[in-house]
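As structure tokens, the structure follows; a few thoughts come after it.
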Amino acid sequence: MATTIPVPLPQSPYQVQIVPGGLAAIADHLAPLGLGKKIMVVSNPEIYDYYGEVVIQALQRAGYEVFQHLIPAGETHKTLASINELYDVAFQANLERNSTLLSLGGGVIGDMTGFGAATWLRGINFVQVPTSLLAMVDASIGGKTGVNHPQGKNLIGAFYQPRLVYIDPVVLKTLPEREFRAGMAEVIKYGVIWDSELFTALEEAEDLSSIDRLPDELLTKIIQRSCQAKVDVVSQDEKEAGLRAILNYGHTVGHGVESLTGYGVINHGEAVAIGMEAAAKIAHYLGLCDQSLGDRQRQLLLKTKLPTEMPPTLAVENLLASLLHDKKVKAGKVRFILPTAIGQVTISDAVTDEVIKATLG
């Protein structure tokens, strides 16, 4: 059964549409948007092999002129060089202001396609068709786009909202287990920061480590509740002036872990899991939450077979240095999102180097 979640942003409202088994019907959902006839599908080779033809044929049947551009998978290709290649194809296709870039892939493809759409001709249409759990519940919603810089993740980017987020949960059946678990890290995050009922539902599940062991009803609930949580937050704070910062729970340390270990060695969800464990330890050390909160969170992460420990090769001193280049630094202070109860967090810039060394060293 299809579900529609409105994203009521004043300047650029759109919808998140969850349509199980609906990938081949995507053109029907684009029709009301009044897009121009040129659509460029951006994907990676693996995802394209699974779903590219389905999407392209659906668009062509509806009368769109369709182009494609494939970017190799992985964070190591999330660069300005890759964006330049995308621009070259957009130029050759003679994409116009009313043309559309359609992202068919995970978070990396979505971030890059969105940044390309935001910057080509100073902004063209952008549609998200996420194919990973992480992209469905997090990266595809809210308009954050961008690429990595050698010195840090997502340092180059823009806020640019899609015209539509179109989710078919059935495509997750081909997602590798490690990538599924990475997405579950973001789902657990929503339970900690916003939705205690979602957290409890995850605790009651028998196994969260594999999509094959997850009942379809629970998978649909996970996607719907997570998307709704993201929409609730983003619709109140589109450009991270305040509340939206809570979505960075686990990401402060997580981004440091990703960049210091080399993008792709530890994937984004695994790094966020390590970051959430770190945040809970810091919060308990500062007296902001009970030990039981960290215990419950850790049990969920372990049930999902996600890491909770810092990589043994990562020195705390190097982590401290990397944190100062994080996008969340304000007036020279690193902002941490710290849990106070299941479903509640606070934003703090009172986490000193000494606290980090005491809890993570």
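Every residue number used here counts from 1 along the chain in the order it is shown.
Heads up, the Cβ atoms here are built off N, Cα and C, so glycines get one too.
Cβ neighbour count for Ser132 (NAD(+) binding site) (all protein chains, 10 Å cutoff from its Cβ): 26. What Swiss-Prot lists as NAD(+) binding site is Gly107, Val108, Ile109, Gly110, Asp111, Thr131, Ser132, Lys144, Lys153.
Glu186 (Zn(2+) binding site) falls within a helical segment according to DSSP. As annotated by Swiss-Prot, Zn(2+) binding site applies to Glu186, His251, His268, with the evidence given as sequence analysis.
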Beyond the site residues Glu186, His251, His268: chain residues whose C-beta lies within 8 Å of the centroid, for Zn(2+): Leu134, Asp138, Ala182, Ala185, Lys189, Gly250, Gly254, Gly269, Ala271, Val272, Gly275
Where Ser132 (NAD(+) binding site) falls in three-state DSSP terms: coil
Candidates Glu186, His251, His268 (binding-site residues) - the one closest to Asp111 (NAD(+) binding site) by CA: His268
Whole-number Å value for how far Lys153 (NAD(+) binding site) lies from His251 (Zn(2+) binding site) (Cα to Cα): 11
Packing count at His268 (Zn(2+) binding site) (other Cβ atoms within 10 Å of its Cβ): 27
